[in-house]
Amino acid sequence: MNLETLRQERRKWLTWKNIVPYQEAIKALPEYDDVEVSLGDVVDIQIADLSHKDAEQIRETALLMKPWRKGPFRINDLFIDSEWQSQIKYNLLEPHFDLKGKVVGDIGCNNGYYLFRMLSQKPEKLIGFDPSAIYYSQFRFLEHFIKSDIVYELLGVEHVEFYEHKFDTLFCLGVLYHRSDPVAMLKSLFKGLNKGGELILDTFMIDGEGEMCLTPRDRYSKIPNIYFVPTVNALKNWCLRAGFESVEVLEIMKTDLNEQRKTEWIDTQSLEDFLDPDDPEKTVEGYPAPKRVYIKAIKKA
């Protein structure tokens, strides 16, 4: 697969009618020399001596790019209160990985929140994959101030195995249930890892000891493209069949209204609207409410 040809084709996405305003707004932003970035729960960008005019321009640019799914971010006094409190997931996972000096990929990286957080561990390379011109634009907006060495590819999980180099650690958070062939996806990730490499993944799950999965008829939690929601044992089997040597369950956690909620930065429905109003243990379709399993799968050294 010729990824460079694909890159050139996908750069044309940035000329789409709905995306051009984002690109123009980013280009119009002033350059700032004195910027301090803190990579905590809130990715905090502080620009010295920011004028009221510039602050307003930054605010209007951020508002233009709604919805903001992942975050939160702060730019001086502007707080981007994203739909997801992404620090909850990151802080849950961080004790389970060491990225120093490693080549790291984040599949389905959205606007780069996790990538920015990972900078503090000083990996050798950080590469994000997400075939979304909107999320890429949000990343470029933030990167205008942060100026990191992160590479953002408008590519998907199916391209990882063909990438120019392999990875020591791959993150794939909230992607697997969107794929109609989860084992094929896991095989692609497996091929993209170096020997001894690790995959850190989360996905929706259902309770039970059996090796089975829920297959929604149409939608799950109002999401149309959810194909398989496995038990933990079924997920382990998928990973082993994809070639991984071992699978460790890091955490199981129900998604709650603190982690995912509607804010002024999304203008759409959120988790509260996806659950049965009479029984929050179920989705509006009658399925078990969203619960996630977090795993680490290891490729044999």
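Every residue, even glycine, has its Cβ placed from backbone N, Cα and C.
Positions annotated as carboxy-S-adenosyl-L-methionine binding site by Swiss-Prot: Lys70, Trp84, Lys89, Gly108, Asp130, Pro131, Ser132, Val157, Glu158, Tyr177, Arg292.
All features noted in Swiss-Prot, drawn onto the structure.
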| residue | record | contacts (Cβ under 8 Å, 6+ apart) |
| --- | --- | --- |
| Lys70 | carboxy-S-adenosyl-L-methionine binding site | Ser82, Glu83, Trp84, Ser86, Asn110, Asn111, Tyr113, Tyr114 |
| Lys89 | carboxy-S-adenosyl-L-methionine binding site | Leu173, Asp202, Glu259 |
| Asp130 | carboxy-S-adenosyl-L-methionine binding site | Ile107, Gly108, Cys109, Asn110, Tyr136, Tyr152, Glu153, Leu154, Gly156 |
| Ser132 | carboxy-S-adenosyl-L-methionine binding site | Asn110, Leu154 |
| Glu158 | carboxy-S-adenosyl-L-methionine binding site | Met185, Ser188 |
| Arg292 | carboxy-S-adenosyl-L-methionine binding site | Asp202, Thr203, Phe204, Met205, Ile252, Met253, Lys254, Thr255 |
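Classification of Arg292 (carboxy-S-adenosyl-L-methionine binding site) by DSSP places it within a strand.
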